Amino acid sequence: MSIFRYPHPPASEITPRSLWLSRRDLLATGLAGAIVPPGLLRPAPARAAPLTARSGGQSTEGLTPTPFQDVTHYNNFYEFGLEKTDPAERSGGFHPRPWTVRVDGLVAHPRTYDIDALLARPLQERLYRMRCVEAWSMVIPWIGFPLAELLKEVEPLGSAKYVAFESVVRPSEMPGQSGVLPVLDWPYVEGLRLDEALHPLTILAVGLYGQTLPNQNGAPIRLVVPWKYGFKGAKSVVRIRLTDSRPPTSWNLRAPDEYGFYANVNPEVDHPRWSQATERPIGVRGGFFGAARKPTLPFNGYGEQVAALYAGMNLRRDF
Ligand SMILES: Nc1nc2c(c(=O)[nH]1)N[C@H]1C(S)=C(S)[C@@H](COP(=O)(O)O)O[C@H]1N2
Ligand SMILES: [Mo]
């Protein structure tokens, strides 16, 4: 089995240790092209600023937040490398200022938003489950605002049917983007149907745990769609474009038989290489094989709010 054919999840999650170690060696020698300027190897300085938010009003019954240390040190952000620890360790040279988000495409009023203006909006805290397609999960206290707010301001045209998201391309600050490891093409791109994008649960997050977003979590602004697998939540977003056709998405381009466009969390549709029936809560002792492993819920537990979006669809085919 080639780890390059099947890069998600990283080898350390599912492959034999020998294979995992051999890839680490490859990365360490720089053979894979993942050579990091020394300055980027230092951990991110704590530059977070406090954010104030009111409750988003979602039911958070029974949800215990994953410890901050896990939320910020067990990450997927391939622009900084493939290992879970890479984003925290290698994002210290990333500068989330100045930053703008362009919202355009099929809209009446295309606009460029400055990040500081977005941060000055009324912000909400949303305690959401996050379920990675790799079968681990977290509970994260995000701070942000509904994506629908921005979309309504730019006024989607009647012809707009989808929303495309683009993450930043900055190889000088993102060591994973200058590697030649054939995993993903840059920019990282994602997409939603317009009705999914307008759903009140869909937010743009600018912070977590009461402070601005750490670089490794997608500073300064990222998408969060809690009923979908984590990879739908594009990090460090610079462009949001309304389109009339389904936009290409990074993991679907990489392996269309493994990662669908919809990517709704679904315990009944297994990934071709592992079951999606259960998940390993990060930061909970005994999570991997032990008793803490828990059942995965349809739509990640948000079915009551979102199932109607998919009425009449075949969710096995449109996975
Ligand atoms: N630009 C970009 N966005 C990304 C990713 C990535 O590699 N690049 N990884 C995705 C995946 S697979 C997951 S599970 C989540 C992880 O978010 P977190 O590290 O903040 O928990 O980010 C998603 N967004
Ligand atoms: Mo993921």
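Each Cβ is built from the backbone N, Cα and C atoms, and glycine gets one as well.
In TrEMBL, annotation is done automatically, which means it is predicted and not curated.
The Mo-molybdopterin binding site annotation in TrEMBL covers N75, Y78, E79, C132, S167, N217, R222, G233, A234, K235. Cβ neighbours within 10 Å of S167 (Mo-molybdopterin binding site), excluding its own Cβ and spanning all shown chains: 24.
The annotation domain 'Oxidoreductase molybdopterin-binding' is assigned in TrEMBL to 96-251. Looking only at the domain 'Oxidoreductase molybdopterin-binding' (96-251), the predicted model's pLDDT averages out at 97.
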Where does N75 (Mo-molybdopterin binding site) sit in DSSP terms: helix, strand, or coil?
coil
Looking only at Cβ atoms, how many others are within 10 Å of the one on E79 (Mo-molybdopterin binding site)?
28
Could you check the binding-site residues N75, A234 and say which one's CB has the fewest neighbouring CB atoms inside 10 Å?
N75
